[in-house]
Amino acid sequence: MDHYDVVVIGGGHAGCEAAAAAARIGAKTLLITHSTSTIGEMSCNPAIGGIAKGTVVREVDALDGLMGKVIDKASINSSILNRSKGPAVWGPRAQADRKIYKNTMQDIILNYPNLTVLEASVEDFTITEKDEKFTVETVITSDQQVIYTKKLILTTGTFLQGTIHIGSYNTPAGRFGEQPSIGLAKTLEKYNFKLGRLRTGTPPRLDINSINFSGLQEQKGDSEPSPFSYMSQSIDLPQISCYLTATNTRTHEVIKNNLHRAAASNSLKDIKAPRYCPSIEEKVRRFSERNSHQVFLEPEGLDSNIIYPNGITTSSPLDVQYEMLKTIPGLEKVNIIRSGYSVEYNFIDPRELYHTLETKKISGLYFAGQINGTTGYEEAAGQGIIAGINAALSLNSKYEPFILKRSDAYIGVMIDDLVTLGTSEPYRLFTSRAEYRLRLRSDNADLRLTELGYQISVVSSKRYTILKNKKQEIITLTNILKNIITTPTQLARHNIPISQDGVRRSIFDLLGHPNINMEIVSRICNTVKEFNKNVAEQVAIEAKYAPYFDRQDADIKAFLEEENTHIPHNIEFSQIHGLSKEIQEKLEYIKPLSIGSARRIPGITPAAITNILIYLRYYKSKKTS
């Protein structure tokens, strides 16, 4: 019988990151997937990144993850969203060549050190019990292979008892043409995990040769594409355009007349879909005052004849999809290559997890990705890398759990939201979810996380050396700019617009002014041109935000004081005087490990926090006496 340190079930975005992270740390790792040909599949839109999401990809990359490097190899239309706004809300995004992305990911995974890949369907897993504690023991495949493992990570995506819907038609599937995971769903029920149902959707795929692009608005990427990975030097594939069209009143009339035929109005009406990525039927129903909704026509590859119409996910029958599409400019003669559909699937209540993504019920069992109620490739990758890291670290008692706080990363914000608040609808990250977004930017993920990753052996020495050199360059350039003092008169000689108030300023302070950038500063400081472009941009961003950092850092300090006030995992909240039954039940269910985490649980009052703090002082004194 085979024995592994870590077994990962599922080869999607969460599974690939989980397996690779565990293997990097040195764990003997097995990735089990239905088919190696679907590893790294982009099930829905052929794009990576976006607002908040792009920052997560950079954070995964900063921990030596795969997604950033792979999308840089597959990018065919790259841009920074929100570029006109502040850097704290910039969103790197790249349209991918779907085939190149998948092939690149497969090539990495199938040749990764310490990682074995097995084609099989997992139907069950077993646990052992000792002293009323349950621990993962084996994984059982459909052909009755028994595989022993110390740690198990489930990254089942939409496959957990998945069902696809197109109008009144439905069939068991986790993705179009692929069988769902039924056995594992029954296993989780058997072990009393709290399961719910969610759904998501995808639009029809269109034949590029049947679309009239003349008259549509061209959407080019950035003239100088920015890589996602801190290890990538450039984007090498040719960059091609997307096109923008829109629905109209005729489109909406077709949809309204056929709402009763959409699965979302019938069999799926009580199952929550992504709030911020609604189907076209839901858009028409919820925003009845609008006469138009944007549709982005996105190529699926350099040599692909498939167009992904971003903005019109649907669960309507095929004939309605045709009727609807033919009312949209450019799509009057469109041919559908594959129907749009909705898929419903099981997810677990993420409040049953620790911040490590290990389950509270069963030791050694981890969940990552859509099984935790999230939506999006990037959210899945962020959870996958954390689950893989913690599964591998837990094999060695010298390591503490690797937990990213809300002040560390968007990944930390997401996981804290999930395990503390739970979710009743597909969870998506936004910059507005992060309290400390001035510090959690897409440009500085490596400065925030790479050293932490190196300390636990998930980051290579090569990447860490690059980080150290970059840090030193940032310090050097910052000091140079802080030590050059100028006057308004001197600046005027260089045609640099600044108030003639007689105030002497350092060049670093000057960068904090609106409309002053490194290109302007280089007129009076040629040394700037000697530094790497990314380093110069990093220093400029820090200068822009410098006046605001003191307040944000004070907020972070107060936050960390509560985060570092730990609550023992074995505490009995029923023994704390002054807590209502309702509050005791919430605390027992979620089992917060810090005062900060307890405070974020809905319904936990300031008085309850005070009572817990009093009890903790008593608990600590009793333990030391």
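Placement of Cβ uses the backbone N, Cα and C atoms for every residue, glycine included.
The feature FAD binding site is assigned by Swiss-Prot to GLY10, GLY11, GLY12, HIS13, ALA14, GLY15, VAL122, SER181, GLN370. DSSP gives VAL122 (FAD binding site) a strand state. Of all the Cβ atoms in the protein chains shown, 25 others lie within 10 Å of the Cβ of VAL122 (FAD binding site).
For ARG275 (NAD(+) binding site), the same-chain residues lying six or more positions away in sequence with a CB closer than 8 A to its CB are GLU425, PRO426, ARG428. Per Swiss-Prot, the feature NAD(+) binding site maps to 273-287.
A simple way to gauge crowding: the CB of PHE287 (NAD(+) binding site) has 12 other CB atoms within 10 angstroms, across all the protein chains here. Neighbour counts were taken at the CB atom with a 10 A radius for the binding-site residues SER279, ARG285; the maximum falls on SER279. Geometry remark: GLU281 (NAD(+) binding site) versus GLY10 (FAD binding site), CA distance 31 Å. Comparing Cβ neighbour counts within 10 Å across the binding-site residues GLY12, ALA14, ALA273, the minimum falls on ALA273. Following the DSSP three-state reduction, the secondary structure of ARG275 (NAD(+) binding site) is coil.
Between the alpha carbons (Cα) of VAL122 (FAD binding site) and SER279 (NAD(+) binding site) lies a span of roughly 32 Å.
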